[in-house]
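**Q** Here it is: the structure, laid out below.
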Amino acid sequence: SSHFFRQDIMKWNGWGYSDSRFLFNKKGQGEFTGKRYRLSGMILPSLKDWFEATFGTSLQHKTPATPTLNVSAVPPPNLVEPFVEELKVAGVAASHDPEGRVFRSHGHCLHEIFALREGRIGRVPDLVVWPNCHNDVVKIVELACKYNVCLMPYGGGTSVSSALECPLEETRSVVSLDTSQMNRILWIDEKNLTVHVEAGIIGQDLERQLNESGYCTGHEPDSMEFSSLGGWVATRASGMKKNIYGNIEDLVVHIKMVTPRGVIEKSCQGPRMSTGPDIHHFIMGSEGTLGVVTEVTMKIRPLPEYQKYGSIVFPNFQQGVSCLREVARQRCAPASIRLMDNEQFQFGHALKPQVSSIFTSFLDGLKKFYITKFKGFEPHHLCVATLLFEGDREKVLQHEKQVYDIAAKFGGLAAGEDNGQRGYMLTFVIAYLRDLGMDYYVIGESFETSVPWDRVLDLCRNVKERIVRECKERGVQFPPFSTCRVTQTYDAGACVYFYFAFNYRGLADPLHVYERVEHEAREEILANGGSLSHHHGVGKLRKEWMREAVSTVGLGMLQSVKEYVDPNNIFGNRNLL
Amino acid sequence: MRVRSSSRLAVILKLTTLQTLYSTDHPGLKKRDELEDMLEERRRSSDARHALRCYAPAVYKGLAPREVSALRGAVLQSDALQHVIGQVSAECGERRELVQEEAAHLLDEMAHRLRLGTVRFFAYVLSKVFKTLFRSVRVNEEGVQRLQQAIQDHPVVLLPSHRSYMDFLMMSYILYTYDLALPVIAAGMDFMSMKVVGEMLRMSGAFFIRRSFGGDKLYWAVFSEYVKTMLRTGYAPIEFFLEGTRSRTGKSLTPKTGLLNIVMEPFFKGEVFDIHLVPVSISYDRILEESLYARELLGVPKPKETTSGLLKARQILREDYGVMHVYFGHPVSVRSLAQGRVKRSQYNLVPRHIPQRPCLAAQALVGEAAFRLVRLQEQAMVLRPWTLVATLLLQNPDGMDLPVLEEQAAWLRRLALSFGAFLDWPGRTCRPVVGAGLALHKNLARVSGGRVRLAVAETPGVGQTAEELAFDRAVGVLSCASYRNQILHVFIRPALLSVALRTANSSRKDEVYTCFNFLWTVFSNEFILCPGASVQDFEEACYLLGKCCAVQESQQDIVMSEGGHATLAFLRALLDPFLQGYQVVCQYLCKETEENLRENKFVPAARNFALQLILAGTLKCYEALSSDLQKNALAALVQLEAVTKVKV
């Protein structure tokens, strides 16, 4: 049935579509399978060398995943029969099929995927329900309250904060409320440039359908292929092109949410209000602890006339950060501007597909010569910024010049559209790479923070170094891959993303080592003035730092809201608080 | 060339003729590195070639390439300094440009101007000088290797002990010789008055700080930003003396925390990942300034540093100063020190260039670290047999028969080793070792008719007054004491316990501890006793005395064991000059009739009081004349609130 559509084309124990994955073919060459991405079907000749050199691995040493889900390992469902009965009467689709329950029992944290690959199944929801519309949700929540059943909203399943893990201490029946069937655009208002959408819609579907009418929301988180509108609202998501369109909190005009106390929404769609603290801010970032977002009104924009990618090479990371800071100071950031450190730059190179002609490789050689020999850039220090400009053609070109002029002041050299475009394309395939690593004893994760400008460099250096140090102290045999990028600029600071992976051969409990290192890395972030999260959210993974992050009074405020809205903890995923 | 020098290290490490500091009959003791004579190669090959060789030290991996020449600008334009310049200009109504100029002036007065040419000149001259002065300069090369690694990984702060002007010359010389990055050195302003030498030192990496600038906000800002900028950028290792000045007594001085605070701050504020503090212990067979120090302690003012004075000091070159030891300790990571102690996020809410008083936890940490580092210096200080001989001679002012002295020295050696002393005792026999010490220090001890005694005059010379004689004798005693003092840190805790055992009313542990704690508090300015560690020190003392079978412990009691008499008596005698000296200070203060004694009058008056007692024959302890002791005693009395300081 259509309920299982996504589940059928997606991996049950890895990232993304089942047909798309990285592998090393018989010749030992890297390859990306499938047809969905620009990289699909291509050979990546440098990947193997990079992979082996970076992680100290050998392709001889494999750690393949359990191929299929062992259904008998799934715990039997704990069902509240009258609840199930009444759902059926109300016409809400439900299932306790084990595969569906396992599929909705996790997000994409390393430990979650690692366990699945080993065939270990923990606590999973006892039942999955598929409401079809707002009223279905109202009915489900009523029944959950009536029978004291625990509800866990499920959107795209891309969480990386342990938010979708069933709390181990939960003894009630746990019901996964899958919003995927609430995926319709209800109306488009061209006079006010808004769209009213059911919250279960997946990012790429929303964008595609709006594009057909000549519009877009412009909200493009890296997970947009799979993440849902409701999820964005519940986690305070951020999109790649926020410099033009804003983050989710800037895009949302109206939210409807069903809670155990009833439905919460505003009475009008005024663009800004002074009516006490904005109740939207209780909803955004509530991470499924208060209710289910069912419908959202969002701003839309006409599709941009022109898009142009770009890239800049800097002699070192410090210069790159200074440039981004200046761009932010002049408030002339392109739709997107991202700065990769040297390790990521080299990593990007490892993912270059086979060049089709001698001419291209000759050109590449020339470029490299120009940058390293003629301009004196040190290959182990230089770093790259990728850019995306959007708007009408003339303005884009003007804008582009402005940014490149600033870059030149910081020793930046324009490095072509291709490199820029490839950088953004990699964003979508990078998540697939972790699965490849896990085939060869390599585990890793990314995490993010936001930090004032003056601390960006110090934070990046200290966190990367802390990761290296902690790995060493915990017996990791080979230096880890510890790298970062600045992915967003703001007036007062930046968003920084860390990638961290290591070869776990020889470790008795690699997951534990991994978790400790990530923990210490977060401690380092906080000690260096970084935030607990820029957009991933808190979930259960970062709960321990919430009090420190928002103060005891702040935490008390949030708790009292929860207390009022959901006194019986029906929305019992235990995130955040 | 770099390869050559590191391969030299490797080759030397493999040499089998290594002289071990520990004979194998003390396997339980702390493992210490072996020491190599670094002058050996200097005696074999050309000094000129050494001075001119290719010098390419490994540098900090995070060193920003262009920073070096831009140091001055970086300091003057730094947010931190600009902030204070703004404040100062607002406070005193001065134009900002003028304050900026003043800051630039202060920086120029302060800053070093490290030049390789000058360093090479020094390398040449010092090679000659050191070869003349010292039989050998022994360095733990493993420590040098550790330092080399540390310099590449993190900003490094070098913290040598300070007993002589030689210290920092020798430090830079060693680092140059081993092809390590040359340090920049915080030096007192007094050197600046030596015109040529001052500039030479500046060009070999010294920077100069005023002795006191407590209230001067701008000076402080320039100074701290200068140091922090060099540290943050990994420009060069920073070197300074925790003790603040040369110890005139041979004992370590209570550490000053000002500079340590400054160099640890970049870590607290997240500006560097870590900072490594490297304690360095420098010890001398004979200190060049030996009798100068004794005279200073007796109130003869320190001669002003002048270039001509330095030239006069050439006669120093004619004497034999034996062996010098330099031990590079294990780097201490500030990050590890601060782990779980200091919340770095306290700096999150204020821009980091705005001066912020460190939280109490950070202050406490810096204080503790300072003591800990001085303790590390002490523990790695190489002790020579002469220090034991001097100790024994001071306890026997009437002299000792040579065989008795040798026997006692052998006994004391065993005791010191069992307390963990880093004793350099060549061979196993006693006679040649004691003989060598006596020969080297013939100005301090005299052997005649098989009897050894301190070389102090018995009767006044022609035209010498009784006072002058007493003064002369005091110089001898204090000079000798400066060697005994080197070994005190080994014995101080058991010695305090020995006295406490004698004075306590019963053998109950808590009563003994009460006495111990009192003495511990009284002497906390005299010896390196880490604040708040009196219980630990008590336990350590009990353990050590138990280990050498001097005391027996039960659940409740601690008593002298049967054979413990000699040990305890020796240890008590060790503290005796200090107890007597402190008593004299107390007597003086009780007798002093003036209502308000001015602080600068205290030392001369107390000295005069002690001198009169000595002349009257009621006091035999010449150490009571030492101004160092008198100042420490006063500080202790102030701490104990027996004396109050008032501002007039």
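The backbone N, Cα and C atoms fix where each Cβ goes, glycine too.
TrEMBL: automatically predicted annotations, no manual curation.
Sharing the feature lines straight out of TrEMBL:
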DOMAIN    A:121-303  domain 'FAD-binding PCMH-type'
BINDING   A:153-159, A:235-238, A:287-293  FAD binding site
SITE      A:Arg338  site 'Important for enzyme activity'
BINDING   A:Arg434  substrate binding site
ACT_SITE  A:Tyr497  active site, proton donor/acceptor
**Q** What does DSSP assign A:Gly288 (FAD binding site), in three states?
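**A** Where A:Gly288 (FAD binding site) sits, the three-state DSSP reduction gives coil.
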**Q** At 10 angstroms around each C-beta, which of the binding-site residues A:Pro153, A:Gly291 has the fewest other C-beta atoms nearby?
**A** A:Gly291
**Q** If you skip the near sequence neighbours and keep only those at least six away, which residues in the chain come within under 8 angstroms of A:Tyr497 (active site, proton donor/acceptor), Cβ to Cβ?
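**A** Within the chain, A:Tyr497 (active site, proton donor/acceptor) has Cβ neighbours under 8 Å at A:Ser446, A:Phe447, A:Glu448, A:Cys484, A:Arg485, A:Val486, A:Thr487.
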**Q** So what sits near A:Arg434 (substrate binding site) in its own chain, CB-to-CB under 8 Å and at least six residues off in sequence?
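**A** Once residues fewer than 6 apart are set aside, A:Arg434 (substrate binding site) is near A:Trp15, A:Leu110, A:Ile113, A:Ile443, A:Gly444, A:Glu445, A:Ala501.
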**Q** Can you count the other CB atoms that lie within 10 A of the CB of A:Ser159 (FAD binding site)?
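**A** Around A:Ser159 (FAD binding site), other Cβ atoms within 10 Å: 29.
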**Q** Tell me the Cα distance separating A:Arg338 (site 'Important for enzyme activity') from A:Gly156 (FAD binding site), rounded to the nearest angstrom.
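**A** That separation, Cα to Cα, works out to 25 Å.
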**Q** Pick from A:Gly156, A:Gly288: which of these binding-site residues has the biggest number of other Cβ atoms within 10 Å of its Cβ?
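**A** Comparing the binding-site residues A:Gly156, A:Gly288, the most crowded Cβ belongs to A:Gly288.
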**Q** For A:Gly291 (FAD binding site) and A:Arg338 (site 'Important for enzyme activity'), what Cα-Cα distance in Å is obtained after rounding to a whole number?
**A** 35
**Q** Looking only at C-alpha atoms, tell me how far A:Gly288 (FAD binding site) is from A:Arg338 (site 'Important for enzyme activity'), rounded to the nearest Å.
**A** 30
**Q** How many whole Å apart are the CA atoms of A:Pro153 (FAD binding site) and A:Arg338 (site 'Important for enzyme activity')?
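**A** Cα-Cα distance, A:Pro153 (FAD binding site) to A:Arg338 (site 'Important for enzyme activity'): 32 Å.
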**Q** Given the recorded positions A:Ala237, A:Arg338, which one's Cβ is surrounded by the fewest other Cβ atoms within 10 Å?
**A** A:Arg338
**Q** Could you find out if DSSP has A:Gly156 (FAD binding site) as helix, strand or coil?
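**A** Reduced to three states, the DSSP call for A:Gly156 (FAD binding site) is coil.
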**Q** From the Cα of A:Arg338 (site 'Important for enzyme activity') across to the Cα of A:Ser159 (FAD binding site), what is the distance in angstrom?
**A** 23
